[in-house]
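According to Swiss-Prot, the features are:
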{"type": "BINDING", "residues": "Glu226, Arg255, Tyr393", "note": "substrate binding site"}
{"type": "TRANSIT", "residues": "1-22", "note": "transit peptide"}
Amino acid sequence: MVSRLSSRLQALASAPCRSLSCAQDVLHRTPLYDFHLAHGGKMVAFAGWSLPVQYRDSHVNSHLHTRQHCSLFDVSHMLQTKIFGCDRVKLMESLVVGDIAELKPNQGTLSLFTNEAGGILDDLIVTSASEGHLYVVSNAGCREKDLTLMQDKVRELQNKGSDVALEVMDNALLALQGPTAAQVLQAGVADDLRKLPFMTSAVMEVFGVSGCRVTRCGYTGEDGVEISVPAAEAVHLAAALLKNPEVKLAGLAARDSLRLEAGLCLYGNDIDEHTTPVEGSLSWTLGKRRRAAMDFPGASVIVPQLKSKAQRRRVGLMCDGAPVRAQSPILSPEGTVIGAVTSGCPSPCLKKNVAMGYVPYEYSRPGTPLLVEVRRKQQPAVVSKMPFVSTNYYILK
């Protein structure tokens, strides 16, 4: 399975918005690069960065450890930006589908950059920081595209007299994910993490490092946090977290299978510029006020799809036989090609093959029997609800 996952990560690296140079010496390095090597990290090229695909543990053991305890991921390759000024919400709402104005202080939301054709340019998390700015985290592979999009809008508003401004952060970003993540982190912070629910954040001192923004979110389906930490303190913080026996380092392979079990999209594979939020089963990201106003890019395409139903839909698949990979054809029970897989892997938790892909709307109901083609052989699949594995986000009741 490890070799199969390594092959899969190489495929992900060549996906749209994830182009890489072939020369290892031109790859970006996170502040934890030497730390990874010292801890046995197997480094690979991903989205223009040198990142660990796994450590000494097998991919499966790392995956299961995250589900049962907690793991530390280096996600410093992600683009972190701050947007300042009285028009910061106006700027962001001119680019995304979400209702940013309704966010409470230190509340965040997953949103989507869209184009005028309704296609998804990237997915991102926007937090309304109580310090008076928006904190934005978006994909490394779309860094230049996202920066151009935001910087062009900044200049447009500034030319009209706005005080809006954008700052690119050089912080590292560490993700501590798993059911014991909060317990581990609580030992190093004074703030009561029981008061920090899913998709909220706070600036706090973490294991002696001041100025860290801790956000209760992640890409695994488990409870956990992402910690934006000054780059010079990243190694100190990672080492402090690893002193707890609950914590192990994890890499890209585990992160990919964890997010797939959780039914989460990978930009460039499962969603892209040719996919609308409705087609991608992401209609929930569309703010109610924004739908009514139809004032976001691509609204004239996206909003009508909410009523008329998009012609195709992203679905989950449970598959028999050999593991299913991206671009594997999806067929009707009669053997007609009707779509394609966008992500797939053996699920370490379910011990079954899981995948997601696009099929015509009439084939999207859970329980619908289909076929997938792997190495020119057809094998059974069934449309399944996502997430495949129940999520465990920390939500206050």
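Glycine too: its Cβ is placed from the backbone N, Cα and C atoms.
Tyr393 (substrate binding site) falls outside any helix or strand according to DSSP and counts as coil. The Cβ of Tyr393 has fewer other Cβ atoms within 10 Å than any other of the binding-site residues Glu226, Arg255, Tyr393. In the three-state DSSP assignment, the secondary structure recorded for Arg255 (substrate binding site) is helix. Comment: substrate site residues Glu226, Arg255, Tyr393; largest CA to CA distance 16 Å, whole number.
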